[in-house]
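The feature region 'Interaction with YWHAG/14-3-3 protein gamma' is assigned by Swiss-Prot to 1-270. As annotated by Swiss-Prot, phosphoserine applies to S13, S85, S123, S127, S154, S157, S283, S285, S508. Sequence annotations record features per position, and here Swiss-Prot assigns region 'Disordered' to 109-150, 171-212, 233-291. Annotated compositional bias 'Polar residues' per Swiss-Prot: 125-137, in sequence order. Among the features that Swiss-Prot reports, coiled coil is placed at 152-184, 210-243. What Swiss-Prot records for 239-251 is compositional bias 'Low complexity'. Summarising the annotation, Swiss-Prot assigns compositional bias 'Basic residues' to 252-269.
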Amino acid sequence: MAESLKKLAKSESLQALQDKVTYWVNDYNSNSCDQNLNYCIELIEQVAKVQAQLFGILTVTAQEGGNNEGVETIKCRLLPLLQTSFSSVNMGKTAESEMCATQDFQLRSKNRDNSPDQDQHQSDNESFSETQPTQVQDDLAESGKSLEGAKNGSTISLLAAEEEINQLKKQLKSLQAQEDARHKTSENRRSEALKSDHRSTKRTQDQRPQDVVSNYEKHLQNLKEEIAVLSAEKSGLQGRSARSPSPSTGTRSHRRGRSRSHSRSRSHSRSNSPCTTVAKIRSPSPNRAKMSSVARKAALLSRFSDAYSQARLDAQCLLRRCIDRAETVQRIIYIATVEAFHVAKMAFRHFKIRVRKMLTPSNVGSNTDFETAVSEYIVCHLDLYDSQSSVNDVIRAMNVNPKISFPPEVDFCLLTDFIQEICCIAFAMQSLEPPLDIAFGADGEIFNDCKYRRSYDSDFTAPLVFYHVWPALMENDCVIMKGEAVTKRGAFWSSVRPVMRCRSRSLSPICPRNHFGISTVSRSRSPSPIRCTFARY
């Protein structure tokens, strides 16, 4: 219906009809009778077309209303209208016929030539008025049939829609039942999984206290064993120190043999000691554990600076009692410092290996956690370092060093305190992250202003290092503290002497024999293997 109505609105038939009526009114007096009749017939034809379209729209509208709707409206309004129009048409026909009879009689005398045309138009109008009611009745019958068919079709479609709705409701109920069943099964599975997880967590929680208790028992047993071993070692060391004579009263050979036997016995005792085979866990010192790496580094740098400014000068004073040459004294102290760092680094490596062996059975974490535990243990147990053994190793290395030429009466045991302090500093520096170490130095190398400062008696224009007074302290490749070196132009080549395999056996006439550190019996030394002149210095 909407499409037919849109077509009627777009065709503008009613507006064209109104325009024609207006045009006919304006030209009615100037037109002839035939022209006016033609205008009237055209208007009737146009009205008939519009009426036919309206009847089609009426039929479609009635079909949309169904079998019951619109019937009363058609009966009440359309049928009476059609009846009145038919009766008015008939009455108008008689009146018009009478009027036409009188008018025809009057006009026949005037327009005898136009009478046949007028009769023909009149007969056409009469025939059209007679056929129009029959056409309207036929249209009504057709519209009734179409309305009945539309009603039957609508009832059928309504029944089909109701059946489809019922089927959809049944499907919806089945889907809801399936969804409820799935939800129940998923909830049951989740509850079972939660129960199993709760049971597993309970089991693990029950097992963890047992493991913790066993670990604590092992730890306690290890502590007891370590305390017993350390107390035994302490008593042995105290008895040994009480029985050992002063290092300056015996002969050099006796001291050397004693140091060798002592070192062998200590190495043997260390190898057989339970502390070396399986090191025990000690409770960390609270003060040392609280110290951060930065604080320990600052403290070690301060100790190293104090060793340069105070301990080095004290050692020089001790050596100057027996040696007049300042160059030899400074060389001895530099070599002692370098050897102390070397021996302390080796001792730190062995100590770290023992700690790893000790902590390996109780390690349950990753490698990083294990290394962290090893480092923390070493930091908290730096007092376990055997510095006296390192001092003996340093003195042995100095005795066979070919670069030191000095009177044989001077014993390097004079530098025991200095060497022990340097060994402790170097050992503690290896526990830092990153560790600190001294720079490599060799006689005759090019002077590096970033590593060393020149001594007061140096030639400040000389490019080569004559000898080193104090090593530079390094952190990776960065200089932390500068060392000290002596530079002299041309003095290095003039001072080169043949390398001596052993120290001289002749007595020194420089100092009296009653001075500290001078032996009454000459001491011979066995030849030592030739070392590289530039090794570690």
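Note that Cβ sites are derived from N, Cα and C of the backbone, with glycine treated the same way.
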Which of S13, S154, S157, the listed modified residues, has fewest other Cβ atoms within 10 Å: S157
Rounded Cα-Cα span from S154 (phosphoserine) to S13 (phosphoserine), Å: 33
Secondary structure at S13 (phosphoserine), reduced by DSSP to three states: helix
The region 'Disordered' (171-212), counted residue by residue under DSSP: helix, strand, coil: 42 helix, 0 strand, 0 coil
Assigned element (helix, strand, coil) containing S157 (phosphoserine), judged by DSSP: helix
